[in-house]
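Features reported for this protein in TrEMBL:
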TRANSMEM  49-68  transmembrane segment
TRANSMEM  88-107  transmembrane segment
ACT_SITE  98  active site, nucleophile
ACT_SITE  123  active site
């Protein structure tokens, strides 16, 4: 089931990082989520989250730039972020859309940041199937359940009434970084990593 930006082509998932660079990122407690959200990406991100959580309880920083992708893969990363003990500091960059936006709001609001040129896209899940009418009705019902669940998640994450979330996401709903702050999606727009430490300590 897709939960993606249908107006933009889906780029392939990023190529694997070399072991040396991955070791440096693990030591720095940083994870990059770039490209299409799929099963392979979700598995790797969740593994890294649990490895870092097992090492110590220091914060983990995630940089995200994703046009969206597979709904269940986004759910897997979302749940893992909320499951582990360490705080997750989320930094939006480029485009954070659809399933990418779902992953973004897994972090606590006080830990959600965006770089100045970040754009966010919220919208309803979409999908299509062929088959017997009974199966199509089951699939349609599942889409509705997913839509309602996502509306609740974004309402809770932003502080917006669920009625407003439902209305805004009937069509593609784009937000700049600053608009994301006004909407309650983003805690703060930052231009330097030094700002994160100051905000994190004050949170």
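Every residue gets a Cβ built from N, Cα and C, even glycine.
Unlike curated entries, TrEMBL annotations are predicted automatically.
Remark: of the active-site residues 98, 123, the most isolated position is 123 (fewest other Cβ atoms within 10 Å of its Cβ). Beyond the ends of the transmembrane segment (49-68), by six or more residues, the same chain brings 2-5, 8, 10-11, 26, 28-37, 74, 77, 80-81, 84-101, 103-104, 107, 111, 121, 196, 200 to within a C-beta distance below 8 angstroms of the stretch. The two recorded residues, residue 123 (active site) and the residue listed as 'active site, nucleophile', have Cα atoms 6 Å apart.
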